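Taken from TrEMBL as is:
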DOMAIN    38-363  domain 'Kinesin motor'
BINDING   Gly122, Pro123, Thr124, Gly125, Ala126, Gly127, Lys128, Thr129  ATP binding site
REGION    388-420  region 'Disordered'
COILED    470-503  coiled coil
Amino acid sequence: MSGVPTLPRRREMATVTSGAGRCRLSKVGAGRRPPPARVRVAVRLRPFVDGTAEANDIPCVRGLDSYSLEIANWRNHQETLKYQFDAFYGEKSSQQDIYAGSVQPILRHLLEGQNASVLAYGPTGAGKTHTMLGSPEQPGVIPRALMDLLQLTREEGAEGRPWALSVTMSYLEIYQEKVLDLLDPASGDLVIREDCRGNILIPGLTQKPITSFADFEQHFLPASRNRTVGATRLNQRSSRSHAVLLVKVDQRERLAPFRQREGKLYLIDLAGSEDNRRTGNKGLRLKESGAINSSLFVLGKVVDALNQGLPRVPYRDSKLTRLLQDSLGGSAHSILIANIAPERCFYLDTVSALNFAARSKEVINRPFTNESLQLHVLAPVKMSQKELVGPSEAKRAQGPEEEEIGNPEPPAPPTFASQNFSPLQKLSSMDPAMLERLLSLDRLLGSRGTQGTPLLSTPKRERMVLMKTVEEKDLEIERLKMKQKELEAKVQAQEAMDSKEKENCSPTVLQPLARRTVAVAKPLKKAVVIPLQLIQEQAASPNADIHILKKKSRKRKLECLDATEPKEKAEDCWELQISPELLAHGRQKILDMLNEGSARDLRSLQRIGQKKAQLIVGWRELHGPFSQVEDLERVQVMSGKQLESFLKANILGLAAGQHCSPS
């Protein structure tokens, strides 16, 4: 049942499929947009297999007509469940009936640049592999489809036809969630990708070009032996993987506008769902059965999600559904052939397969034409540097000698060998890449004897818009050229005026060089503190020396107002010289403050805080008033150096009639 037709049977197949059956493969108009296509479902009932039927065993499935069938209701044996599909093939149906009735009509879509797929579904032992491959005596869907498709491409791609066609094939299997290349088994697990247009592809998958059925057999027969099969209780050669044969039909238009189309045909032999209680799977077979049932379960979820219109369809949950994304709810014309068995032992599997087929019948696909322009056939045109760059850039690229000798007139537009551009006469201002494509297209048309063909076969409105755009670019370039001439004239006039001024000037007189102005930093401000008594004494006796306190950098200077050079002090501290009368007066005031002042008054003195003021008041209450200021050392309020700085600071403040803030 898993055999493949050999070469001698090809003539017999050609006679069977010739005549009226092949005339339905004629190509339809490419401009007609096909409507949304529903997934078509056909059910095939295989006959009883020797050894499986018991004595007086009555089949559980019975066909009513060529579209409907009925099966016994397991809940009520007096009732039957009826199903209606696009086609029903009974036990006596042949391989030719199934192929000509369901598969052959979708081959014409490949020549329109659309995708098509054929899926064989059903439980294990129901005859899926026999339907797809057949035997040498009864070829299945795959050899019949390849023979007709190759014959059709030879007829459509013959000399004188507008299209050139080529066919390539790839063969893979999905075994335990691994995508394996059957044409190159050493390639390992492959990945499934999706391009920007939503097409499913497999990078690294081997593609073999085929031109005849002999080429197909040469590649397909060895690859079929690489497919994983195993023996179970129900089938001696049970498929342990999902096999996918991918056939691509590439079309290239021989004349303008050189369109390119690509149609893909998926021929899929799914592994059957298995009941491990009846198949007796153990070990590796049990693991394979689990992977098969899991992928088929996800396939059922995808069909349910498409029928219910769910926002997320779980294509990515399985490698099988990811590969079938084009076939179910995608862009392919899909045919599902559900294979069922008549034996009562297959009753539950048959009901499950019929329910899945009934749900799949409601799935809607939206096929479209995969068409694009074949831009790479245009030969590149070699253009000079002056033609590729604009006039301003070309002038900038010239050397100084060429710039002096060059012609002030703008360069003329480049001339070409073929000037028969009736729609577009001025092409010098166009984009170089666009100009290169137009020239290559014109030369290619001229070489093929189509000189009368217009350069741009676009509609009138688009051609007028293009010509208007070209005219606007020409006007813009002319305006820029006029502006460039005006700027050049101004520069020349300025240079002439400069040369005349140089001639009028005397050669002995040299113009001073421009000097850069250097900003000078302003001097820092100096703060000077002068006691009020000293200012009053200065007013009374102008000849008296008045000393001031000054700080610069880290050195202290004591300078007189009348002195010309200040005297630097080596000590890094404040130095002050005060008259003895002022010193005695200040000491007396400080002593009065120590004896009579309160703690608040004492805090007004510098270096006296709250704690020190309270200590002075307490000492004064115990030991009486201070006789001199130096008695503060007995209070142990401050050291000798601190007392000295305390006196200087407070005497200066008291002499000025004010106190320093406490520290």
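Heads up, the Cβ atoms here are built off N, Cα and C, so glycines get one too.
Bear in mind that TrEMBL entries carry predicted annotations, made automatically and left uncurated.
Each of the binding-site residues Gly122, Pro123, Gly125, Gly127 was ranked by the number of other C-beta atoms within 10 Å, and first place falls to Gly122. Close to Ala126 (ATP binding site) in the fold, though at least 6 residues off in sequence, lie Arg46, Gly272, Asn339, Ile340, Ala341, Phe346, Asp349, Ala353, each with a CB less than 8 Å from its CB. For the domain 'Kinesin motor' (38-363), the model's pLDDT averages out at 88. Neighbours of Thr129 (ATP binding site), defined as other CB atoms within 10 A of its CB across all chains, total 25.
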